[in-house]
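Undergrad: In case it's useful when we look at the structure, here is the feature table from Swiss-Prot:
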- 238-240: disulfide bond (DISULFID)
- 271-274: disulfide bond (DISULFID)
């Protein structure tokens with residue numbers, strides 16, 4: 001089933017829903033980073049979460065960055081997302097490998113660890129970005145983001161994220177949802193939705209059956225007057241460029257850049273999101289120094 005992200009409401013606007021299938025998106029991300037199965041599941045969940053939360057931004061110039069690091073062998077995962085469904089990310093240790101957990105599944109929680117925080121940074125074009133941070137709840141990422149929404153944004157939420165890794169290490173199914181109760185929503189409705197989520201199969205199981213994201217949400221919210229508002233195609237993409245790397249080098253300051261110049265070596269800089277390589281020889285670094293002097 002093709003990747004798609006949709007926004008919807010249920011029960012006369014009492015519930016806000018964002019759901020997505022992200023199989024192709026996550027496949028591209030793990031191909032870039034050459035992930036192990038556990039690394040793929042961790043990065044894939046974060047990329048899916050990023051695409052969902054990015055779609056909640058209001059302005060096309062807004063960005064959101066989500067970072068989780070609990071001291072585990074994954075060495076942290078970071079994603080940056082945009083309103084139109086584009087997302088990029090990286091994992092500190094893409095080859096992280098742990099035994100299966102007690103449920104016989106990839107141990108994402110163990111790879112992430114629990115001794116740390118999940119941090120959400122929203123750049124909304126204001127003087128300072130919004131930064132929200134909460135302790136890691138489980139390391140499974142979905143639970144941690146639900147805890148973040150409830151504590152930091154005071155919005156009771158359910159977050160479901162799933163990544164099914166195939167035997168050939170490709171992604172067989174990936175997707176997720178964020179379900180939020182709006183102010184004034186019926187508490188019994190929240191309890192019913194919680195019960196419903198506990199009873200249904202996992203989102204990756206539903207995707208594997210060939211269900212579209214519309215069909216999945218119709219299934220979850222059966223009899224709850226689901227209204228689909230809009231849809232976009234989420235995508236793994238990196239916006240790095242020579243100009244951005246130039247600005248990053250200039251930002252380290254004249255003194256430090258001059259020291260690099262005086263060494264006379266060609267420097268190789270690698271984008272952590274897409275592994276694109278940028279080479280700066282003696283002449284190119286000299287050009288940047290001249291720009292800084294003007």
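Placement of Cβ uses the backbone N, Cα and C atoms for every residue, glycine included.
Just tell me what is around each of these and how deep it sits.
TA: Around the Cβ of residue 240 (disulfide bond), 18 further Cβ atoms fall within 10 Å across all displayed protein chains.
Long-range neighbours of residue 271 (disulfide bond) (same chain, six or more residues apart, CB within less than 8 Å of its CB): 238, 240, 245, 277, 278.
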Undergrad: To see if you understand the setup: which same-chain residues, six or more apart in sequence, place their Cβ under 8 Å from that of residue 274 (disulfide bond)?
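TA: Those within reach of residue 274 (disulfide bond), by Cβ under 8 Å and sequence separation of 6 or more, are 32, 88, 238, 240.
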